[in-house]
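Following: one structure in structure tokens, then a few remarks.
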Amino acid sequence: MSYASPRLYWSCARQYIPAFRHLDEQEAFWACCFRGFRSNTGSVVSRIGDLDGQSWRTSQCRITRKENDKSREVPSKRERVYSFNLTVLDIGTITIMSKPNFTLAEGQPVTDPSVSTTFPSFGGGGYTTLGDTLLLETLAHFNRERIPERVVHAKASGAWGEFEVTRDIGTLTSAKFLNGVGKKTPILFRLSTTGGEKGSADTVRDVRGFSVKFFTEDGNHDIVGNHIPVFFVRDPIRFPSLNRSHKRHPATNRPDWNMFWDFHTNQPESVHALMHLFGSRGIPDSIRRVTGFGVHTYKMVTADGKFRYCKFHFRPTLDITHFSGLEGTRMAGANPDYHNQELWNAINHGQYPIWKLYVQTMEPAQAETYGRGLFDITKVWPHSEFPLIEVGKMTLNKNPDNYFAEIEQAAFSPSNMVPGIAVTPDPMLQARMFAYPDAQRYRLGVNYTQLPPNRAICPVYHPFERDGMATITRNYGGDPNYVRSSLSPGVPSQALSNVTHTERIEKNATLGQNELPVEDEDYVQPRELWNRVFDENERRHWIENVAETLDEVPVGLRQAVADMFGKVDVRIGQMLAAKANNSSRL
């Protein structure tokens, strides 16, 4: 029933209220009503909700209830699902709908979804039939409701939020979402462990994936990084092997430190990342307190074609704190979903986590003489040489309504770059630009970009990618599906047609397997981390964290680990060897 005037609304609503079987249903109903009408006069408020035809659900209301003479505010979302929705059709018009009827997937009514159709038999048995569409549809969908989990970064938490520019950097980049103080851009955030499966514990020692999708007017821009500033390998062909060595042994199906250390001692370029992993950062105690790094080097390009190299950094406004190894192990047993729960509860109670976004920039002239640390993701740019420049802040303010639909189906890729941000000669970046979208095509289907968490908010016109399994758009109708068509309504983006920037290419470069060998330079930054950043307490814990992984490792491999870290600092190798041989107290 619809009510076009407030006066008629109040009288008719009184007749409808008794249909509610629970007092809190009535309270929630009136709470929703008061959002659309003034309680003192009954006059229509100028704006009733979002006039987009979507239902107002009671979980959006907050109601005040008196119990034992004490008033308390109760979020409706914690109560039962109420038996009505309110749909805004027009200003001053509210439609009250009864609870939805159960149906089959294509709308046919269902009497009772909990009972199958059978021919009763003796002994309490019965025969089902192929004519029971409800049963067949239910079982068939159940068999298919799980999709392949991510091969890495499977266990994750996520939320929605916004990014706000606090400093205009129009002199550095033409990327619109980074320009204009006060400009806000909706974002989707996901933080994950790397090696564990979906059901694994949150508080294990592992690198966290730190991903942010910016929904901009020029398309989606993704920063897909980690919670430590460096990575383990710099040749992308080693990426699959790296992740296999951090997962389960193919025979025992258990995590295996022999695999882990065998890989890393034979790829010692990973020593810098290992220093971070076994330090205090290895087990964050809260998603809200974790750092984020883009890791790769990108280009920031201005409208006139000038560019600078850059790196992205996210820093939480809360203090950066961590679990010890023992605390992480205890929490993994007590509450394996601790990080997920802690983030959800914080947002649910209005304690919105905030990160500030910073960039480091390097002039092309500096890059000419900087050396291989420019694009090598096993190294950082020292802040003393390339200070952080604050750009904006990211706030998470909305939990997902459905985890699978909004977080599990979210697809991030470093290939998603808007004008003003460009690729660099970082081999790992270039490989990820292929591997990440390809993984989503396998996991979610070729049309994964049409799913709600990945769909751009700007107009999208790309009729050369159409059809495929489960397209959910109009599929570009009859528009030509080939390029250079005089019949096509599409036109080139004029704003980009004249924007170019220079790129340095070695004239005498030789195509081949040009490996960057591990040299003394690869141990310089790990040594600075050990001597200048770690204090004595952290150094002691670092030794303990590594040593406990060597208990079941063969003697020869233990020595290889000690030798590798001994190149960072001789004392590290000595302490690890002594600890592994139980001949020293630290």
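Positions of Cβ are set from backbone N, Cα and C atoms, glycine also.
Every protein chain shown contributes to the tally, and the Cβ of His153 (active site) ends up with 24 other Cβ atoms within 10 Å. What TrEMBL lists as active site is His153 (among others).
Under the heading active site, TrEMBL lists Asn226 (among others). Sequence-distant contacts of Asn226 (active site), defined as residues of its own chain at least six apart whose C-beta falls under 8 angstroms from its C-beta, comprise Val207, Arg208, Gly209, Phe210, Gly292, Phe293, Val295.
Sequence annotations record features per position, and here TrEMBL assigns heme binding site to Tyr436. Every protein chain shown contributes to the tally, and the Cβ of Tyr436 (heme binding site) ends up with 19 other Cβ atoms within 10 Å.
The annotation domain 'Catalase core' is assigned in TrEMBL to 103-491.
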Overall pLDDT for the domain 'Catalase core' (103-491), taken as the rounded mean: 96
Tyr436 (heme binding site) versus His153 (active site) - Cα distance in angstrom: 12
